[in-house]
Amino acid sequence: MTDYKATLNLPDTAFPMKAGLPQREPQILQRWDSIGLYGKLREIGKDRPKFVLHDGPPYANGTIHIGHALNKILKDMIIRSKTLSGFDAPYVPGWDCHGLPIEHKVEVTHGKNLGADKTRELCRAYATEQIEGQKTEFIRLGVLGDFANPYKTMNFKNEAGEIRALAEIVKGGFVFKGLKPVNWCFDCGSALAEAEVEYENKKSSTIDVAFPIADEAKLAAAFGLPSLAKPAAIVIWTTTPWTIPANQALNVHPEFTYALVDIGDKLLVLAEELVESCLTRYGVEGTVLATAPGSALELINFRHPFYDRLSPVYLADYVELGAGTGVVHSAPAYGVDDFVTCKKYGMVNDDILNPVQSNGVYVPSLEFFGGQFIWKANPAIVDKLTEVGALLHTTVIEHSYMHCWRHKTPLIYRATAQWFIGMDKEPVSGDTLRVRSLKAIEDTKFVPAWGQARLHSMIANRPDWCISRQRNWGVPIPFFLNKESGELHPRTVELMEEVAKRVEVEGIEAWFKLDAAELLGDEAPQYDKISDTLDVWFDSGTTHWHVLRGSHPMGHETGPRADLYLEGSDQHRGWFHSSLLTGCAIDNHAPYRELLTHGFTVDESGRKMSKSLGNVIAPQKVNDTLGADIMRLWVASTDYSGEMAVSEQILQRSADAYRRIRNTARFLLSNLTGFNPATDLLPAEDMLALDRWAVDRTLLLQRELQEHYGEYRFWNVYSKIHNFCVQELGGFYLDIIKDRQYTTGADSKARRSCQTALFHISEALVRWIAPILAFTADELWQYLPGERNESVMLNTWYEGLTELPEGFELGREYWDRIMEVKVAVNKEMEIQRAAKAVGGNLQAEVTLFAEDALTADLAKLSNELRFVLITSTATVAPFVQAPADAVATEVSGLKLKIVKSAFPKCARCWHCREDVGVNPEHPEICGRCVDNIDGAGEVRHYA
């Protein structure tokens, strides 16, 4: 028996079947570093249009988690796809470095008794160390960026830039000092930004408290009565007993109806709608004597239950009837609505009672409760109310309450003198900041679109922005205040520039060690140098000013603007929000043209990641077990507009999909052995019809993928690439060409046509997967035939694909119909194989009984139809001749009959043919194979 294996063009490639990503990816990273890939991209991008994705800086604290990985991978996929689309797309990673979490870490490690200077020194060192760790982890994900020169908010230049940004906002007239209730954390000893507030369930004591009437005649008149026959009181309901000592007013809704209720020993004022529920709660019965609108109660005085002072009734639209009594007790120091209402009625700052100190302890001078921590004072306050006969009811409820994101402890609103950026303050010129910001939102594209309404609602309803903090590790607010008037120095903007120059050289320490006389001269004794620092959201929120202008100036006529900001959905109240406000205050537009929001990671059951649940997926572990490309493929395959489920099982499914794509790439490479595109590439017009279709199909898909990449629809990109590999290539084209590829002459037109198509497909595919499978694409790039540069990323989308000419006989619709026929044949073949009627496709003879139109289509392939169907024989007969045992198919006008071939099997091509053994020199092979070995070789026209 002759061994004909040597006469076949068997596939061969060094591209490994087993990816070994955990070992191979670090080697690829080293190669990128050694060739200076990022620098090369900047060099070739000099004359390209620029695309700027501005990095929202992660906090320089701790190792990265799966959310960080998701965020950075999404950004990297965009940067890579934009680069392949012909843009210069730099990526400058950033880090947020100041703020309480780092200061807290330093205090835990080194103690709280450090001096301010030492604290700042240790914070800077800690942040530097954390950045290095995170940087290594981000690079390991395959993120391509300028990691050698990242931006850090603690860089001296950026600290100075932040001061200059603040100076611009001061110059615009947006900054003011005011007493306002702000989110306050006792553990932080500082105000908190809205984005630093989390809501958790908390148990609180609720109390119904009676405030006795002081103006009896006015109350009687309000209810249309000549006098009050009994003692009367108005009843409030609150979940914060600790605020009762600071009560200064009582709020009713002007349009609600209030009732005067006789309960036997006294009269109570309650919202009419809530009378029944209140009396039930108090365990009493009563009769409504009269009703009056809330507006009739305005300015009637009641008495504080245990202090000798009055509490007037003020009208307020925020009073609700959902719970309580319809009357709100007002402590203006501890509630924003209370504060606003009391100010509206003329209360001045000096009259606002604020007995709670920054640590949560009442001032020592507070009668009854001085020196007590507010949460612990609640029972004492309840006891006092009981003692004076003012407590009508108390119970404990569990409700959602604001907590510090860092300490997980309850917060309060607390009125403090702080610096604010005013939302509705009239600026030096132009619209207010709220108006500017709302307009800017309308001019911004949102992905997904619902983000626009969300951010709009937040801006429309937000209070003034408290930008001052009482901490050490932060960029200073370099203001000098006149000791007598409390006003800013008239040369504040000029002085801020002088401070910025010093900070640029020495860092924020320059301000804290500055002697005021150095800048103010003889004026120094008249001014206080303040010690407040800026909210960290101002740090990151001004990076468009002090980073974009430096790293990649856009040349925008009114200031820098990035093409894209991309972060998690929590950043609508965080970085997107603060950046919008500062951008509109300085440049009167958003610092971004487009906002992309991704959801949070959850497990397969939709639960949040939690160590206690054991469902945490650590990116470091994924890198070490599956490889970063598997994680990248998971990111690409998931619709990021909602929650993104991830688990070991989900990642394993991504690994399975990866293997299918890799195996397709390996098949392409292995069949390009011996192919030199410089000499063997055929022009489109010389290629076989099926090969031309394959290249045309690749071109059409590339256009779709470019559109999906441009719209950041990575899950569509993944789905289409995966389906192309598995169905159109693996299930159709690659299956068909094996016979031609292996059995025809090595340099025959039939084989070179096929290899030309495979080469074009490979050149396109390697680019398509490059934004997602960053490592695998670059590995694949090294194995493709022909001269090429060092990395797939140094190229653009493949331009060698050709479209089928219009009117081409075997065009797109034709091959779609043939594909349907092939699917029908395969389906019936599986049934016959399962029944053991045939062993394999090449043992089968198929007869296709087709109606006229389909018969004409099938006839166009002539005797090459069998190669398309991968059967030894394929015969077409009229539909009406179909015997009773012919099988109907899902293809209209087609029935099939499959039988086992009676002819011998060719030892070379494995087809069962009647001419096997006809040539005495080759008794084991068919005539076609003899011709391919010893003759001129078979000629193919179609497939």
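Including glycine, each Cβ sits where the backbone N, Cα and C put it.
Secondary structure at Glu567 (L-isoleucyl-5'-AMP binding site), taken from DSSP and collapsed to helix, strand or coil, is strand. Among the features that Swiss-Prot reports, L-isoleucyl-5'-AMP binding site is placed at Glu567.
Within the same chain, no residue at least 6 positions away from Lys611 (ATP binding site) has a Cβ under 8 Å from its Cβ. Secondary structure at Lys611 (ATP binding site), taken from DSSP and collapsed to helix, strand or coil, is coil. Look at Swiss-Prot and you will find Lys611 tagged as ATP binding site, backed by sequence analysis.
Per Swiss-Prot, Zn(2+) binding site is recorded for Cys906, Cys909, Cys926, Cys929, and the stated evidence type is sequence analysis. The secondary structure of Cys906 (Zn(2+) binding site), as reduced to three states from DSSP, is coil rather than helix or strand. Sequence-distant contacts (6 or more apart, same chain, Cβ under 8 Å) of Cys906 (Zn(2+) binding site) comprise Cys912, Arg913, Val916, Glu924, Ile925, Cys926, Arg928, Cys929.
Feature annotation from Swiss-Prot assigns motif ''HIGH' region' to 58-68. Beyond its flanks by at least six residues, the motif ''HIGH' region' (58-68) meets 95-97, 99, 101-102, 105, 127, 130-131, 133-134, 137-138, 152, 568, 600-601, 609, 616-620, 646 of its own chain at Cβ-Cβ distances under 8 Å.
Same-chain residues lying 6 or more positions outside the motif ''KMSKS' region' (608-612) and placing a CB less than 8 Å from one of its CB atoms are 65-66, 600-602. Here Swiss-Prot flags 608-612 as motif ''KMSKS' region'.
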- Note on the structure: Looking at the binding-site residues Cys909, Cys926, Cys929, the one with the fewest other Cβ atoms inside 10 Å is Cys909
- Message: Under a three-state reading of DSSP, tell me whether Cys929 (Zn(2+) binding site) is helix, strand or coil.
- Response: helix
- Item | C-beta crowding around Glu567 (L-isoleucyl-5'-AMP binding site), within 10 angstroms | 21
- Message: Distance check, please: Cα of Glu567 (L-isoleucyl-5'-AMP binding site) against Cα of Cys909 (Zn(2+) binding site), rounded to an integer number of angstrom.
- Response: 56
- Taking the centroid of the Cβ atoms of Cys906, Cys909, Cys926, Cys929 (Zn(2+) site), which other same-chain residues have Cβ within 8 Å of it? Thr743, Ala907, Arg908, Trp910, His911, Arg913, Val916, Ile925, Gly927, Arg928, Val930
- Item | DSSP-derived helix, strand and coil totals, residue by residue, for the motif ''HIGH' region' (58-68) | 3 helix, 1 strand, 7 coil
